[in-house]
Structures are given as structure tokens and as C-alpha cells.
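> This is the feature table in Swiss-Prot:
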- 2-475: domain 'UvrD-like helicase ATP-binding' (DOMAIN)
- Ala23, Ser24, Ala25, Gly26, Ser27, Gly28, Lys29, Thr30: ATP binding site (BINDING)
- 507-806: domain 'UvrD-like helicase C-terminal' (DOMAIN)
Amino acid sequence: MTQFTTSQQAAITHDGHDVLVSASAGSGKTTVLVERIIQKILKQHADITRMLIVTFTRAATAEMRTKIQTALKKALTERRHELSGEDRRHLANQIAMVNAAKISTLDAFSLQIVQTYYYVIDLDPGFRLLTDETERYMLQERVWDDLREQLYASDEAPAFEQLTANFSGDRDDSGLQDLMFELIRQAGATTDPKAYLEGLATPYAPEKWEATFSQQIWPRVKGQLLQIATSLTQASALANQLPNPIWYQQIQADLAPLQTLLETNAPTYDTVRSVLISHEFAAWSRISKGLDDADKDTKNAAKDLRDAAKKTWQNKLAPTFALAAEQIGDLLREAQPLVATLANVALKFEDALTAEKAARHVQDYSDIAHNALRILQQKDPQTGAPIADNYRASFDEVMVDEYQDISPLQEALLAAVSTTTPGDRFMVGDVKQSIYGFRLADPQLFIHKYQTFQDAPTDPAAPERIILAENFRSTKNVLAFTNLIFSQIMDPEVGDLSYDNAAALRYGALDYGDAHPAVKVLLYSKATSDEDSSDASELPGDADDNEPVDIATGQTQLVLAEIQRLINDPDAQLWDRQAQEYRRIHYRDITLLTRQTSQNSLIQTQFAAAGVPLFVADTKNFFKTTELMVMLALLKVIDNQKQDIPLVAVLRSPIVGLSADQLALIRLAAKQVPYYDAVTAFLQAEPKTPLAQRTHDMLTHFFNQLSHFRDLARENDLVTLLWAIYQDTGFLDYVGGTPGGSQRQANLQALIDRARTYEAGGFKGLFAFIHFITLMQKQDQDLAMPAQVDPDNDAVKLMTIHKSKGLEFPVVFLMQANKHFNMRDQTGTAILTKQGIGIKWLDPETRVEYELPQYQAAKAARQNQTLAEEMRLLYVALTRAQQRLYVVGATMSGNQLTSADKTVEKWAAAAEGEARVLAPQVRSGATSYLDWIGPALIRHPQARGLAETTIKPALVGDETEFTIEIDVNPQVTPTATPEKVSDDSGTMVDLSAWFKKAYPFQAATTTTGFQSVSEIKRAFDDPDTIDLVNADRFLGPKPPMRDLTAPAFLTETPSGISPAAIGTATHLLLQLVDLAKPITMASLRALRDQLTTKQVIAVDVAKHIDLTALIRFFETDLGRLLLAKPQQVHREVPFSMLLPADQVFEALADDPGEDVLIHGIIDGYVSDEQGVTLFDYKTDHNPNTAVLVDRYRGQLNLYAQALQDLQPKPVLHRYLVFLRTGTVVDLVASGAGK
């Protein structure tokens, strides 16, 4: 039975009021939620159909329903005899009712409301759900195009033209379109979209400017002033320690005006501006007389703090107050009508979009949610009571999972169906894992309740906060590392929440073993400390997807090296929590987490080159498959055949099949014209060569097909056109015969399904369909289903942090920690927030663009939101790890790779300050995860080897174990590029003649072009071989069958142990024995027992290894040679080589010129100044040495030839070591090797 903690038990049992459960990562929140439901049913006879249980995904809904039903069945089975008859019937009834319970997503619950009460808002119930983002976008695009034309032709044209000019570029008006779509999306997340849009222009009213400043701008400015004051106060305290008061006086002069402002109650814009523009930071005094080294360090530290304050002053405050109040008034008088026009157009667009959806009988999920809220606010025609009351009366409790991801609209829906006095809501989530801002989730809703609800309130009706801090997922160091970072970077100012003792993770997984591996930070760095050039004007995030390939490759190589170490190192182990023992690490235990998928291709390439299996969970490659690219190119040509790139793609594809030579021949017909015109010219000319004639015929056939397809496209639907293409070209059948054929055919079928869905949405026409597909590609939409992780697939997993939420992995690598945050949405002509809009106003006469204060406020708000969400993403990434955690990045300056010492120096400067939490300007100025992690680590005792920073008092005694490993330009072994095979234009042939012709190389069909020595060994009867293939065809002396004694491990021993297993174990012992130490019976037993303990060799097999035979071997001349030169001994050496086929297969003696690729593994060789000594172990029982030498001569010859190819030294000796008899034969000395 599960043992719950005190806080978990409280979350399970406390009710009669609203309960907010703040459940940290790995704290078992879903288990608690399910247990709460079970306990209510078991102990309170609650009815599950009177509970509303909402989650955020359909998968989570199905999982919860299953868990509840399973738990109830288990309770009925285990407690059947102790339950009364009534209790058993109740429990059985609840099990049956689970499928009917209201366990659903919020979208599904909203849909149910609409489908039940559609008539009270006059909604047509026959609507179709508009779930495809691209289809929704196209619908918006069509409505916007119509509205735009109407506006250009109306009396509002001048105002609309100015609107377009202000928010669009010089080339087109897509900027205004994008802004309009985003406005509608932002408004859709509110409870009243119309009110949101109507209120956009209010903050721009000149007469309300001071109110706008006081409510929206001054709070931000005050926060920045407090940051500056904090830095200056710290600098002042340092300067006061110096013998000369000049620096203290300078800092006090800087502090005085700030303190005056901060003490002023509700200062006006002019008051603040006058102080800011009138104050100048005096030049820092360079006096050094009378200062010892410690004083100089103190002085420099004070200067650094003052410089940081000055930078914030100049870079963040000054732009906000660049204009005088009179100038702002003038600009607002110009800007307010512009914003009013924008709001007016947005309202018209929203109305037109609603009308179009009604005409098409479609509703998206935002429409459904708003309609559900409208319905809940209406009265029931039958009872006259508010419909919301009907729902409140039907639910005893409303339970919400993942509450941190709620939007204001969803919160309003939940509030409408919940009881308020006392509350009946149970909300569980973790605001530190709120990472769906792009879906307009509002974590402030959770934070407000977190800050206002009480821990253990005395009033039984008061809302309660319960914190689940115990983490049952991760080892101590993973949790300590996470706490170490977040206790220094997250607070209400930057991060929205204080990461205090209540928020910190606590170790709860007491079943882990003793080992808690240290967290590792792996950094790819530059070798020298040369000055790096970087574009200071480049905004953070501008080059987010353009990280230099060599930097990304370097980081990937670091990861690959560490993965190979983990896999190969027997001491690198994981604790198996089920078996309660340590085990080796497998590839499937390892997961790579990335912020984005932009480097996935590069990572896949590097892993493939290294031979490390990789499973990519975030696959979006439907439109990148060859068959889809060919089909899309053909559709474009059918729509417009004068498109060069699609036309050439189709001509080169299997649909037409022209070679590169044929394409060049066409181009020669007309060199300086579009390719379609060159094709036309070629077809009009008389073919003069067989190749030209064949090309002419192929083009003629294709253009006849193309004409037919164009007719079909005009007269029929898309599905008919696509089926005709598949049938007439045979393309569907063709791809079925290629590798992965069934999947390729499924992809082509999916294209037809997509076309059918597209036309069902009311869209028509090939051109629009092509545009639809193009939009899907641009918006990163895909038809391919997300790949599912196969637990039996032994491969490293690669996925985004978003995809990993809710999952856990034994080993986690957080990749690209140096990658810039994406701040691009803070640089446009307009920035949207939940409060409204900030715009840049473009003077139509001077074309000068002004950043209005409202824009500055919106920009700051958006930046804070972005940083807070990035911080939460980092938290999610770190807390996915169960036992081993790696943070991987590069030492960067801007977008340039820099040296480690520069990066460490930057971290040390950022870590200044006595407070545990890093300075606000350091955290708000971060552009990557490393900008937070580095300063947080550099001030820790374990980082003393990197920088001589002062260990902060708050970190003294911190037991977090981590290492920072810096690799300077790791050597990347380039992958060999296969030689390109030239295209063969070929000629037309008579296929019937082909079928009648006798194949001249019939013998070769009974062999393979790729042979392992294990297959060829049959010619030599190697007893190490288990799989014997085509033995009668191998070249070499074939002893009479009567002389063939079965080798030792092809027969079974009396003990029942396979001789093959004994032979393999013997070889393994010889491979791993330490030749640098004396070989004794005790050392061999110790090695055997070690391999047995690690389960490399089975215990019953180990007992049958003949250790005496091994001792006897090392007493021979060859054995003593190995012991004398251990550094020059090479064991288990793989090789591959090409041999003429007639040297391997007797049947091919008459077919010279053919080659066979041979691969195998040599037992070992010794290389010294004179040459190479080759040796190979055998375990035959046959005492006839002459027969054995004859049997293995060919095999040793192959090995010797391979060694000669691998290295330049001659092979002087070829030893066969017969372990059973203790005989060592040199084939060269005996003459048997010839």
C-alpha cells in the first residue's frame, strides 16, 4: 500500500473549501489526485458522476480514467470480504460509472455545454469542429482579403492606408495581416474579446496620459530604479571601506536623486524625467595613492556595481523618457486615432470571421469556449434559473489538473460551474512548470491563489494552499543542483515567483542506492583567449536558429564522448529501483532535451556517424519525404507549368525519369530562357541522336499526361485528380516497391485524405490547395503522427523540453544551454500583451518612427514574460532527470565562440553581490540558460578551480556536487562521403531479349558479395564458428569427411553447458587479462570471478574455463612474448578487405574480376621494430596437429593479408595456439603457411 506523506495525505483528505495543491516536479500529483477521488468514493460514498475532473490533454484524460477504474477494481477485489453488501454494490456501481463520469479536457467540457444548450444562443447545432490550424489560418486569410478590399474601396480608405503603412513593410501589407490575426488570437483568450479590442486605444488618449503613466509605466520604472538603487547601495557600502572618501561621495551623489524619486508618492512623468535627464554619472576617480591590493579590489568591485547601475540607467530608463511631456502629447494625438482605427478594423474582422464561420458551419475551440461561457450566463428556458446554476448543482467537486496552464477564459468557465461559498474546487499544478505561454496560458492565475490562499487556515471554509515539495523521482544531486540554480535566479521580480524553502525540491526517493552521481556541465570552448568579434547591435535571439555548425557539432561531440563512456564504463551504473540493485547503462536510458528542433538534423548526422542509435521523438517530416516532395512538385506544375524548379524536379523524378544528361540536353536547346521554354524548343527540334529521340519521346508522353491532369484539375475535385495521377503514372505502385514502400504508400494516401478534408472545409481549387500545403510547411504543421517511444528500442532519445513535460528519464542531457532566447516578438512595430498593445508610430510625412512609452511598457512586460517562461522551461528540463544530469553548452560571446577564461570572467562579474539571489539586472539581462547557470555555479565552493570568486555566505556548506568540464575544440572525425555514381543515360532495350538471355554469372548468384570470416571459416572448420553458411562452396583444402573430428564446442558437454559458451568465455578471458602483470592462477580466477559478478559470464559457464590451459599457454615462448611487450599487443582487431571472388569461392574460378568484401576479427598480434607476430586461439580436442594446421592455414592467411593492409610492417609469424593440447605452431616456420 502506498505510504503518503503528511502533505500528500492533506491533499487527499482536505475538503469543504477551495484547495490549491502546489505540486513540485516528481511529487506524485497525479497519484494524489486519483487517490483523492478513490478515497471520496470509498469513505464518503461519493458519486463519481457528480465530480467534474478536467485535464489538458486527451491522453491525460484516458490515463486518469484508466487509473481510477483500475484502483476501484483493486479496492473491490482486496476488500471484498470486509465491505458490507451496500458498500460492495456502491463500489461496483462506481466502477461501471467511470466511463460515464465527466473526466475530460476543458475543450471537451465546453463542447458538451454547447451541444446541450446550443438553442439558447441560436447556434446551429450542425457545426463542424475546426481543429486544423492551417485550415483556420486560410479561413482567416480569405476573410481578411475580402475585408481589406472593402476597406480600400470605402470612405475609410485613407485611415486604412495609414494603418497599413504604419504596420507593414514597403513590399507588402503582410505585417498588418499578421498583427490582425494575432490581435484576434489574443482577444480570444479573454472573457470578452470585444471589450479587449475596444479598449486598445484608451491608454493613448492624451488626456489620460498621466493615468497611463501611473498605472502601466511607473511600476516598471520604479522596479528598475530599485535595481539601480540596490546596486549603488552595495557599491556605497564597499566604497565606505576605502581610506579615501571620494568614491563613497561619488556613489552617494548618484543615489541621492534616486532616493528622492522613490520616496515621492505617485510622481508625474515630468518629475521622473527631469531627474533622469539632469543627472550625470561623474567620471570614476582613478586615484590609487594609499590603496593596498585589498583596497584596490574593493574599489574595483564598487566600480563594477556602479557601472551596472549606470548601464541600466542609460539603456533601460533613458529610452522611456527620451521625449518631453509636450512631445508625447503631440504623438499621442496622432497615435490614438491610428490605434482606434486598428481596433475598429479588428472588430470588423472579428464580425466578418464569425459570419464566415457560421456560413461554413464551423467552430474552432476558442469559439466553443466563448459560446459555452455565453450559455452559462443565460437563463434556462425551462426553469428560468441561470444555466450555470444547473451545473453547480450537478457537481459536488470540481477538480482541475495542470491548473498552472489555465487561461483567463478557461478560469471563467470553471468559476461559472463552481460553488464559491464555500468553494468546491480542487486545483493541482506547479506554476514552475507553466511553459505554454504560446497557448496564452496565464500563470498569474495560479500565482494569485498561491499568494492569497493560506496554509492550514483556521476557518474551515477558507481557501487552503497545500505544498507537495517531496520529489520521488530524482537523486539528491539532481535536486540539489536544481535548487542551487533556482534559489539564485527565480524571484517575483524575474521569474514571477519566489524560489524559497516552500518552493524548493526535497529529496523523497529513499529507495535509491548510495551513489548520487555529480551533475556535469559540459562546455565546448575555444582554445585561445583571442579577442572575439561580435555584432553588438545584434539583438539576442536574432541568430537563434543560425548557430554556427561547428559550435553545434562540438557540443554534440562532447555528448557523444560522454555517452560512449557511460555505455562502455562498467563503473558507470544506474540504480534499478525495482530490482534494488545497480545495473549497466543502456542507450535507451539516455535522453537529449533541446529547446528547439533546429539542430536535430545535425545531431542525427553526428550520432549516425558515431554509430550511436538515436530515436527522434519530435518528427515532422511528412512533407520532406521524397514521394510527397515529388507529388507537390507535380501539383505545382499542373497548376503552372512555367515554374522551373518544380518542373525539373518532376522531370528528374521516377514519374518521368530523365537523367542528368537528358536535362542538360534540353537546356542546350535554349540556354538563356526559362526551362519550360527550353523544353518547348527541344520538342520543336528534330532529334539527331538516340538519346535525343528517347528524351523527345519521354517528354511527349509526360506533357500528354500533364494536359490530361490540367483538364482534370479544372473539372474535378482534388481527390479525383490525385487518384488519376497515381493510376496514370503508376507512382503509387512504384513507391510500394522501394524501401519502406508500405509507409510511402500510406503517405501518398494521407495526401488524398488531406485533400478530402480540405475540400470538406469549403475550400476549392488546386492553387488554393498548394497554398494550403505551403502554409502548413511555413507554420511547421505536419500530417505525420508523432513518433511513439518504444521502450524495447535501445536507442538514445532526442526530444524538445516541451515534449518531455510529464516524463522522466534515468539520464538527461540538456543540450544547447548557450542558445539565445527568442526575443524576436519584442522588435516589431506592435507588441501585444494581455493589458493591450504598444506601438511604434510612423510619421507619415517624415517617415520617422517613434517608440511610444506604451511600446516601451509592452516590450518590458513581454520581456519579463519571456524570461519567466524560459526559466520555467529550464526547471522542467532539469527535473526530468532521475539519476544523472548533464548541462551542455559552449562558451560564447554574442554569437561567437570564445575562450573559457573570458566566459568564467563574465560569470564571476555577474556573480557579484552578497545576496543569494543574483542581481536583477544580471538575471533580466540573460540571453541563454548558461547566463543564469554560470554565475549561479561560479560562486559555489566546487567552482573554486575555475575562478577565485568570493564564496557567498549563503552557499557556504552547500553540499551540491557538480563538475564543470571544458573541452577545447574536440577533434571531430569527418564521416567518409560515399563516392558519387555517375548517371547512366542508358539506351532503349528489348525486355523480351533480357528474359531469354542466359545469365553469364550464374555461379555468383549462389554466393554473397559480403562475407564474414565466420562464414568463410567453414572452409577451415574453425571450432569458434556457430553459423556455417555455404560451406561446400568455400575454397581451400577440404579434408575427407572421415578425418573431421567435431571441434570442442560444437558438441555438448556432460554438464549440459554449450561448448560454444565455454569457448566464447575463454576467448573473453584472454582478451581482458592484464598482460602488464604476472599471469597466475589467482589472477585468472580473480578476473573470471569479476566477469561473473558483473554478469558478463554466467557462473555455470565460468566453472568450465580451463585456467590451467591458459597458464600453460603463457609459459610458452609466444606467451612470454605477450607478457614481455604488453603495450605492443593488440587484441580483438576488426578488419574489412576486398578479395577476388575466385580466391574465396571455387565456383567463381571462371569469373575473374569480381570481388568479395570480407570482414572479421583477429584474436591478436604483437607489433615490434622487426615486424608483426600474428596469433589465433583454437579449442579443438583433435590431437592430430597436422590435420588442424591444414584446416586453419587458409584462415591465418586471410588474417595475415588483412594485417598487411592495416599496417606497413611485414607479418613474420603466424601462430596457431591450440589451448586444449598446449601446442603452439608457427605456420611460417613450419612451412604450413605457404
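Quick reminder: no glycine exception, Cβ is built from N, Cα and C everywhere.
On a predicted model such as this, the values are computed, not experimentally measured, just so you know.
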> Taking all residues of the domain 'UvrD-like helicase ATP-binding' (2-475) together, what is their mean pLDDT?
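Mean model confidence (pLDDT) across the domain 'UvrD-like helicase ATP-binding' (2-475) is 92.
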> What same-chain residues, at least 6 away in sequence, bring their CB to under 8 Å of the CB of Ala25 (ATP binding site)?
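Expected: Asp430, Lys432, Gln433, Asn471, Arg473, Leu505, Tyr875, Val876, Thr879.
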> Same-chain residues six or more away whose CB lies under 8 A from the CB of Gly28 (ATP binding site)?
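Same-chain residues close to Gly28 (ATP binding site) (Cβ under 8 Å, separated by 6 or more) are Gln8, Leu468, Phe472.
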> For the binding-site residues Ser24, Thr30, work out the Cβ neighbour count at 10 Å and name the residue with the minimum.
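Relative to the other binding-site residues in Ser24, Thr30, Thr30 has the fewest Cβ atoms within 10 Å.
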> Using Cβ atoms only, which residues of the same chain lie under 8 Å from Gly26 (ATP binding site) while being at least 6 residues apart in sequence?
Asn471, Phe472, Arg473, Ser474, Leu505, Gly508, Glu808, Thr879
> Identify all same-chain residues not among Ala23, Ser24, Ala25, Gly26, Ser27, Gly28, Lys29, Thr30 whose C-beta atom falls within 8 angstroms of the centroid of the ATP site's C-beta atoms; report them in sequence order.
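Close Cβ neighbours, site residues excluded: Val32, Asp430, Leu468, Asn471, Phe472.
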> Please list residues from the chain of Ser27 (ATP binding site) whose Cβ is under 8 angstroms from its Cβ, counting only those at least six apart in sequence.
Gln8, Asp430, Leu468, Ala469, Glu470, Asn471, Phe472, Gly508
> Which of the listed binding-site residues (Ala23, Lys29) has the least company, meaning the fewest other Cβ atoms within 10 Å of its Cβ?
Lys29
